[in-house]
Amino acid sequence: MTLQEKDAAYLWHPYTQHKTAATPIVISKAEAALVWDENGKEYIDAIASWWVNPFGHSNRFIADAIYKQLTSLEHVLFGGFTHKPAIDVAEKLLQMLPSNQQKVFFSDNGSTAVEVAIKASLQYFYNKGESRKTIIAFEDAFHGDTFAAMAASGISFYTLAFKGMFIDVVRIPVPVAGREEDSISTLKQVISEHSCAAFIFEPLVLGAAGMVMYEPEILDQLITICRENNVLTIADEVMTGFGKTGKTFACDYLSVSPDIFCLSKALTGGTIPMAITTFTQEIFDGFYSDDINKALFHGHTFTANPTGCAAALASFELLGSDEMQANIARIQNNHKAFLSRIGNHPRVKTSRTLGTILALEIKTESEEAYYGTLRNKLYDFFISNGIIMRPVGNIVYILPPYVITDSQLQTVYQTIEKALAEVY
Ligand SMILES: *Cc1c(COP(=O)(O)O)cnc(C)c1O
């Protein structure tokens with residue numbers, strides 16, 4: 001049997017309808033911004049493999065750190081024990097985050113980072129004897145696939161089968177240009193009508209919704225309204241974290257700081273699954289008690305895995321290097337130049353960029369007829385041209401590894417222009 005035949009025999013892929021999906025491509029090697037399939041065909045990874053590896057594939061610096069850790073302390077339970085890699089990650093991360101962030105909680109993936117944030121918010125009020133059970137979230141939000149994260153997510157095709165089984169979530173509009181007042185007034189109304197525990201949001205960029213962007217000034221206002229009403233604020237930076245928006249965190253563009261941060265993608269440079277939720281001292285103190293029942297009863301077997309921590313520490317070092325910061329600035333400038341060239345193209349309906357993220361919404365003659373099929377045609381077009389991109393509906397976006405070269409980036413831009421001319 002070929003690998004593809006064995007895959008079909010044994011595997012169940014994520015987000016995949018196996019009856020209609022194309023046969024998956026077998027990837028055998030990857031380096032920096034390039035990946036190769038089993039036949040030696042080369043692809044540019046224009047989306048950093050689901051936004052996880054900004055420093056490039058098969059990074060030697062991270063690999064060496066992992067090997068060193070694996071051969072000294074690969075894992076130890078985090079209940080009743082601690083270790084230097086976890087302490088170092090916490091210390092370094094808290095220096096990078098806004099100063100109100102004081103406590104670091106480890107888990108395994110973006111969804112669990114969100115799950116921890118939501119559970120801690122609900123229990124924070126429970127511990128105080130206050131009944132606050134509603135979570136506020138954006139329409140079109142994506143926060144992950146575990147139950148609370150799924151409840152907070154607004155993209156309905158992910159969650160349809162589970163309707164009616166969720167914690168209480170109320171939605172407010174994303175404050176994109178023209179909807180700012182609507183978003184603010186809906187938030188005020190929601191807070192007055194429900195007992196809200198927390199507001200969770202993707203700061204400045206909603207990734208899975210198609211890199212939908214909004215301004216920091218409005219998020220400042222939304223957070224301030226929450227603060228005035230004792231509603232906790234949760235920044236889901238799982239996608240935006242670690243340089244993607246041009247600053248270390250999207251929240252670095254804000255003048256007020258959220259109470260909780262969720263981090264995962266890119267935390268270990270795309271090597272080892274790990275996630276972190278960080279909290280203010282005030283929230284931590286809400287669990288600090290002689291009463292065992294007030295503890296946060298949440299944990300995962302691989303919590304603070306030392307190998308993952310070593311990968312995170314190496315990633316922090318790479319992110320902070322002059323070379324990587326120069327790469328981020330370079331991509332940012334290239335994106336701006338490309339947008340000024342392509343923004344007025346007759347087939348481009350809307351376009352936007354922030355940091356290393358760029359998105360174009362392609363005009364379709366009839367939304368109904370073209371929506372699904374155009375997406376698949378674009379995907380196939382990019383793959384056949386040696387570029388890995390995953391359009392969301394008719395939105396094409398780039399979020400490349402920071403180590404992508406200028407000529408690779410130009411190839412991606414040119415292929416997008418070719419797609420605008422040829423794919424209908
Ligand atoms: C990907 C993502 C998640 C979920 O992370 P997983 O590691 O896939 O569980 C949560 N929030 C945002 C904003 C994401 O982009």
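The backbone N, Cα and C atoms fix where each Cβ goes, glycine too.
Listed by TrEMBL as binding substrate are Trp50, Lys265, Gly299; the candidate from Arg179, Arg390 that the record includes in that site is Arg390. Among the candidates Asp64, Asp168, Asp236, Asp252, the one that TrEMBL lists alongside Gly110, Ser111, His300, Thr301 as binding pyridoxal 5'-phosphate is Asp236. Cβ neighbour count within 10 Å across all protein chains ranks Lys265 highest among the binding-site residues Lys265, His300, Arg390. Contact annotation for binding-site residues (Trp50, Gly110, Ser111, His300, Thr301, Arg390) versus ligand 1: Gly110, Ser111, each with CB under 6 Å from a ligand atom. When other Cβ atoms within 10 Å of the Cβ of Trp50 (substrate binding site) are tallied across all protein chains shown, the result is 14. In the three-state DSSP classification, Asp236 (pyridoxal 5'-phosphate binding site) falls within a strand. The number of other CB atoms found within 10 A of the CB of Gly110 (pyridoxal 5'-phosphate binding site), across every protein chain shown, is 28. The two recorded residues Gly110 (pyridoxal 5'-phosphate binding site) and Lys265 (substrate binding site) have their Cα atoms spaced 7 Å from each other. Of all Cβ atoms in the shown protein chains, 10 besides its own fall within 10 Å of the Cβ of Thr301 (pyridoxal 5'-phosphate binding site).
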